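*Asks:* This is the structure I have questions about; it appears just below.
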Amino acid sequence: MSLGYAEKLSYREDVGTVGMSEIFDPNHLLQQKIEQLALMIEESKHLVAFTGAGISTSCGIPDFRGPKGVWTLQRDGKGVPEASLPFHRAMPSLTHMALVELEKRGILKFVISQNVDSLHLRSGIPREKLAELHGNSFREICPSCGVEYLRDFEVETVGLKITPRRCSDVKCNSKLRDSVLDWEDALPSKEMNAAEKHCRMADVVLCLGTSLQITPACNLPLKCLRGGGKIVIVNLQPTPKDKRASLVIHGLVDKVVAGVMQLLKMQISPYIRVDIFQVVFYQFRCVSERKYAKWSLRITSVHGERAPLPFIKSVEVTFPERPELKSAILEKQPFLLKREMLKTRPFKMVLKVNFSDGCGCPFTSIEFPVNFQKQTDSIIQDKNVVLQKLKDTAMQDECCGQFSLVEKKILSGLKKEIATYAGTTNLVRYCEFTSSKGFGDVKWVGKRERKEVNVKDRSKLVDYFYRLEHQEEDLKKNEEADLILVHRVSDAP
């Protein structure tokens, strides 16, 4: 959940019950319930996941109704809580990635989410198997032709309002709208119909990290009961639907899901984030001037030259083979450099692209040669192949920071070159985990440092990017909790 999203919503006094105390099942009972849930999932024929804000708190995104949730703090006059990282850099939790693994194996048939953080899509859940009931802060929709645009930046508005961009289809060109609902907006029929259909078909609806208070979404899991299905609720607070559930588990969602995945002998794949940007080089037309060339260099978003580029902090431009040329530091958007130079002398620029907070690698360097006397050729590669190679390399190197040219378009008539680059900017691993005994002590350190643990059995090591500080504090206070968390952000070598 985005803090910006909460602030953009219209005011509403009644937001349901907030601030209830969190409940932790005793360790032995929790283990029994995890085993029971694993068996239910293994035997299920049509498993549906119904998710709420609680599955994203370990990603650094505050929830709404927890002890330190957005609505809870606003009720107490404390304003919105602080997020541990920029919203656009939030990465999927262990639970998000476990759901992806269950979907790949054909066990999980559909995901219904009340979240607007786009983490299900980022993790790899196919769009056709996902209903985002309240919208997506990173998705725009064309109201005319229905095309969806998934962005790497948070869309500026909520409430299905018009945004600054238009549909890229030249035949349409309609103004786009955001997809996030405000309080009074009706749930989108397309999403709601798919959710209802799968809930009716489900033999197990797994509710993860949701208070089940917001109607009509909270009534969807109940639709499985008529066909003999069962409801499972995993949440730290009681919900109004607990009495209708076959199993209620009071524990951290990541801890429960990790235990289930271990019992099912399923390994959770790493999350590798790939970001894309463009370098646009343009030579101005100048009929009278033959000796000099005026040109511009711009680093832009793939979503348009005016679209935000939140993961880039600054760009340093140098000319290593031409020391007499002045270097430049572009510190904010638009990252634009204009120069005038002799046409007869080729040169090479080195672009040091510095990434923003939340990226696992601090920068990347790109060589960009320029020759006004010689026209270069376009380069078109299969984007999916390039991205997969980058991910494979990141896995092999066990770090992020690999970048590659995806394509280069030469618009000779306009004397314009557009080069698209892609690179891995985050790598998160999720290794084996157990909720039973056998762990050593945990050393709680800074939220962006690596955590070291002593483990009696190394096969039980959890390597997980876990950032939310108030959960760490709660765990330390709870003697029953034995969750082992290891933060690891892989940096470029």
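Cβ atoms here come from the backbone N, Cα and C positions, even for glycine.
Unlike curated entries, TrEMBL annotations are predicted automatically.
In case it helps, TrEMBL gives these features for our protein:
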- 27-267: domain 'Deacetylase sirtuin-type' (DOMAIN)
- His134: active site, proton acceptor (ACT_SITE)
- Cys142, Cys145, Cys167, Cys172: Zn(2+) binding site (BINDING)
*Asks:* Could you measure between Cys145 (Zn(2+) binding site) and His134 (active site, proton acceptor) for me? Cα positions, answer in whole angstrom.
*Replies:* 21
*Asks:* Which is it, of Cys145, Cys167, Cys172: the one of these binding-site residues whose Cβ has the most other Cβ atoms within 10 Å?
*Replies:* Cys167
*Asks:* Take the C-alpha atoms of Cys167 (Zn(2+) binding site) and the residue listed as 'active site, proton acceptor' and report the distance between them in angstrom, rounded.
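*Replies:* Roughly 22 Å, rounded to the nearest whole number.
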*Asks:* In whole Å, note down how far the CA of the residue listed as 'active site, proton acceptor' lies from the CA of Cys142 (Zn(2+) binding site).
*Replies:* 17
*Asks:* Give me the Cα-Cα distance between His134 (active site, proton acceptor) and Cys172 (Zn(2+) binding site), rounded to a whole Å.
*Replies:* 26
*Asks:* With a radius of 8 angstroms around the mean position of the C-beta atoms of Cys142, Cys145, Cys167, Cys172, what other residues of the same chain does the Zn(2+) site pick up?
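*Replies:* So the additional residues around the site are Pro143, Ser144, Gly146, Val147, Arg166, Ser168, Asp169, Asn173, Ser174, Leu176.
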*Asks:* Average the per-residue pLDDT over the domain 'Deacetylase sirtuin-type' (27-267) and send me the rounded value.
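*Replies:* Over the domain 'Deacetylase sirtuin-type' (27-267), the predicted model scores a mean pLDDT of 92.
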